[in-house]
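Written below as structure tokens is the structure these notes are about.
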């Protein structure tokens, strides 16, 4: 009789519930330090594994998608859709965040000892507000100016520059389309192979998702 596999999404859900339970038990029994030192690092490793493949995965997927269009004329329609989706998801994230802040009122139930440990979050919020003010003073085209990287190597060194990577990937793919296929056959084959490798790496990393989620949820409850 063939055994049924336990679906990955159920494994992740179970890991989340067990992580919350483990966190509460650790807090109640005074073993929070054990979670911090021996459980939390596995969650951080999982996050870093996701981050380390983000840029090459996005680059390869976009370039492969662009060159599969076969015609540059189709690219303008694709670019418009991508920009529209990006704007829509950004607006949704902002509205949802404001809505949840009004409903949940974060920090309302925290005591003085907990608030004193959140100085880092306050500093980050202040810096973000300052950057937003500076961006507003630069003018309406500042977004498009920041979209173009000065150096693709430095842009690829941080996941915060994902839009610059997307811009370069689309530009690179468009240039590949413009060059005769017989001259870029090696490059196209390399991009296709690299994309397959990155997707396989994603499969490997996702297998560790239940452990990563368990570790992150346990550490979150303890902190």
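Indices start at 1 and increase along the chain as displayed.
Here the Cβ of each residue, glycine as well, is placed from N, Cα and C on the backbone.
Those TrEMBL annotations? Automatic predictions, nothing curated.
Here the transmembrane segment (7-25) has Cβ contacts under 8 Å with residues 31, 35, 39, 206-207, 209-222 of the same chain, all six or more residues outside its ends. Summarising the annotation, TrEMBL assigns transmembrane segment to 7-25 (among others).
If you look up TrEMBL, you'll see 45-63 (among others) marked as transmembrane segment.
Tertiary proximity for the transmembrane segment (83-104), restricted to same-chain residues at least six positions away from its ends with a CB under 8 Å from its CB atoms, involves no residues. For 83-104 (among others), the entry in TrEMBL reads transmembrane segment.
The feature transmembrane segment is assigned by TrEMBL to 162-181 (among others). Within the same chain, residues 54-55, 58-59, 62-67, 69-72, 75, 79, 82, 146-149, 152, 155-156, 187-188 sit at least 6 positions outside the transmembrane segment (162-181) and bring their C-beta atoms closer than 8 Å to a C-beta of that stretch.
For 202-222 (among others), the entry in TrEMBL reads transmembrane segment. Tertiary neighbourhood of the transmembrane segment (202-222): same-chain residues 8, 11-12, 14-16, 18-20, 22-24, 26-27, 32, 35-36, 39-47, 49-50, 53, 57, selected by CB-CB distance under 8 Å and a gap of 6+ residues from either end.
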